[in-house]
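Engineer: Structure below; questions to follow.
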Amino acid sequence: MHYLGFFALLTSLIIMILLAAAAFAGLWRIRSTGEDIKIVPWLEKGQAAVTGLVTLSSLVLLWAFITRDFTYSYVYRNSDEFLPMHYQVSAFWAGQEGSLLFWLWVVVIMAGIWLLSPVYKSLARDTKAWFWGMMFIVQAFLLLMLTGPSNPFIVYDIQPMGGSGLNPLLQNVGMIFHPPMTFLGYAGFTIPACLALAGWLSGDQRSWIFQCRNWVLFAWVMLTGGAILLGGWWAYMELGWGGYWAWDPVENASLIPWLISTAFLHTAIVGKQRNVLHRSNLILISLSLLTCFFATYLVRSDVIESLHTFGGRGVGGPLVIFMLAGLALTLFVAMAGQKQKSAMDSLWSKQGLLIVVSWIFLALAVIVAMGTMWPVISNIWTESPMGLGPDFYNRVCLPLFTAMALVMCVCPWFNWRQGILDMQGLLAVVLVFAVSVAGLWIGGMRDFMPLIAASAGTAGMVSMIFYILSRRELRRSRKGWGLYLVHFGVAMIVLGVAFSGPYQEEIQVRLSQGESTEISGFEVTYSDFREEHDPGVSIYEARLDVTRDGKEVGTMLPQRTLHRNFDQPYSEVSTIFSLGKEVYSTIMGFDQELNVTFKISVSPLVNWIWIGSIILCLSIFLIMGRVRIRSPEN
């Protein structure tokens, strides 16, 4: 079976290279002789064939996991005979080889869906040829790595007795959803980026931004929900340190394409409304895709030390070459385009504020990228590379995020081109912000940045709801509701972060059975301890009863686990859900007398982050809809 999987990939690589060459040769011919391009149907058939071949290859590897065929080196390294089936399946994308194959699988499936779409069928033939040429290059690159340094079909001559096991940190429900959603986001940007380049190369600098709107929104919501928000929740629930964002290099790597693609979403609105920023939009959508490869580079190259890196073999160099080549091509195409008119009539307008927000996102992307790569950069002039910790990012980035939240509060109340649309509405939002600042100050919040951010989050929620309710045309519009509910969700996240980050209380305490401790008005009692031993894992669980003012709040059951083939123990978090203060616990260790060391924390409004995230992601689907094809002149 492994021969079938590998040769399916190898055949796909050959097809991609030949068809990419054929596409560019056909385009050269039309430029030279003016002949019509007749190669497009063959390009489409080639893509359909590769979709089938990559699907076959993926199913071969998936079947190897389901049947626990440990002759596959990749299966052996990421599973064992005791791993539950749902983790056995999710182990497909646990390592370098499988994650790259899954990424490619999603790319070819999306290419097949795009091939059948009415929007694709409306494209000019030369645009189609340029599109497939670019698309084939992306697929050929992934195939080149899968048939070379990241071959998932390497097998042992003799089948091992069992597998070495899946990393316990990956044995979490987040593993089932977080990586697939992340790769759906990465793959989703491939269609818009290739279409943008194809549009520019075929002489149409504007239509692509309408044609790929749903693809951009889908990719963005997958990246938002999967890579950023679900990743943060996974860290919160699995790593046991009580936080959700540590500014870890790999966390930052996933944040960079999100920041750039979010900037693109805002400049795209200006571009569609005012017929400007075409060059900026081309560069931003291309960077959205290229920084997805940058994130992969950080995870798989070991160039930066991180909790989340899982090592790679021979992929760092090819990824760097691909990113630099893609950036050079994008800049060449963008600079060769037509000169554009000025984009902004006035800063104090909706379009002006959208551009300001875009610049904030881009500034954040540059800061995060430079900070993440600082150990590599500083290695140029010192033998002891210097890393930048969370304090740097909090000092530099949080003010910019807060500024973004402030702009979000007032932006709806401005006219599109110049001036204020509704002075009463704007003053009402400013009043809500001022009252919030005063109320929080009186309530004891003295830290300037959290105070402003929390007030901006409160004013932002009020602003979005008040604006949509005051506009009859928006109340009747599904897309209008979606647009402002997205920003309502963002405001909830801002409010949750402003409280849960700086005002989290935490203690580490050693308790014997029957003993209690207090934190933030809660009394936590260690009442019981139990053990459970299975062939694959040993579980040690404590019971914590939580009361407040003598009333029962709930029970927490934190665990310490020891997995087969892994000497290091791992913690499983337990929480008591609350829209106010959430109590969080984890076991740090215990002795033979069952005296347990607990880490207990109380995080105010942390669940507003997750609820706001759900509202944000679901609301994006209200914005998506049928695409009306527009010509550049219309």
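Including glycine, each Cβ sits where the backbone N, Cα and C put it.
Remember, TrEMBL labels are computer predictions, not curated facts.
For reference, TrEMBL lists these features for the protein:
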{"type": "TRANSMEM", "residues": "6-28", "note": "transmembrane segment"}
{"type": "TRANSMEM", "residues": "48-66", "note": "transmembrane segment"}
{"type": "DOMAIN", "residues": "93-301", "note": "domain 'Cytochrome c assembly protein'"}
{"type": "TRANSMEM", "residues": "100-117", "note": "transmembrane segment"}
{"type": "TRANSMEM", "residues": "129-147", "note": "transmembrane segment"}
{"type": "TRANSMEM", "residues": "255-270", "note": "transmembrane segment"}
{"type": "TRANSMEM", "residues": "282-299", "note": "transmembrane segment"}
{"type": "TRANSMEM", "residues": "319-337", "note": "transmembrane segment"}
{"type": "DOMAIN", "residues": "321-622", "note": "domain 'Cytochrome c-type biogenesis protein CcmF C-terminal'"}
{"type": "TRANSMEM", "residues": "353-377", "note": "transmembrane segment"}
{"type": "TRANSMEM", "residues": "426-442", "note": "transmembrane segment"}
{"type": "TRANSMEM", "residues": "448-469", "note": "transmembrane segment"}
{"type": "TRANSMEM", "residues": "481-501", "note": "transmembrane segment"}
{"type": "TRANSMEM", "residues": "605-624", "note": "transmembrane segment"}
Engineer: When you scan the chain for residues with a C-beta under 8 Å from the transmembrane segment (605-624), skipping those not six or more beyond its ends, what do you find?
Structural biologist: 213-214, 217-218, 220-221, 224-225, 229, 232-233, 236, 244, 478-479, 481-483, 485-486, 488-493, 495-497, 499-500, 504, 577-580, 582
Engineer: For the transmembrane segment (129-147), what are the same-chain contacts with Cβ under 8 Å, counting residues 6+ beyond its ends?
Structural biologist: 6, 9-10, 12-13, 16-17, 19-20, 23-24, 26-27, 37, 39-40, 43-44, 46-47, 50, 97, 100-101, 103-104, 107-108, 111, 123, 190-191, 193-195, 197-198, 201-202, 315, 318, 322
Engineer: Using Cβ atoms and a strict cutoff of less than 8 Å, what residues sit near the transmembrane segment (48-66) while being 6 or more residues removed from its termini?
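Structural biologist: For the transmembrane segment (48-66), the far contacts come to 1-2, 4-6, 8-9, 11-12, 15-16, 72, 74-75, 79, 85, 88-89, 91-92, 98, 101-102, 104-105, 108-109, 111-112, 115, 139, 152-153.
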Engineer: Can you work out which residues elsewhere in the same chain, 6+ from the ends of the transmembrane segment (448-469), have a Cβ less than 8 Å from its Cβ atoms?
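Structural biologist: Non-local partners: 398-399, 401-402, 405-406, 408-410, 412-413, 425, 428-430, 432-433, 436-437, 440-441, 475, 480-481, 484-485, 487-488, 490-499, 501-503.
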Engineer: Considering every residue in the domain 'Cytochrome c assembly protein' (93-301), what is the mean pLDDT value?
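Structural biologist: Residues in the domain 'Cytochrome c assembly protein' (93-301) carry a mean pLDDT of 93 in this prediction.
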Engineer: If we skip the immediate neighbours and take only residues 6+ beyond the ends of the transmembrane segment (6-28), which ones have a Cβ under 8 Å from one of its Cβ atoms?
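Structural biologist: Hits for the transmembrane segment (6-28): 37-40, 42-43, 46-47, 49-50, 53-54, 56-57, 60, 126, 129-130, 132-133, 136-137, 139-140, 143-144, 146-147, 151, 153.
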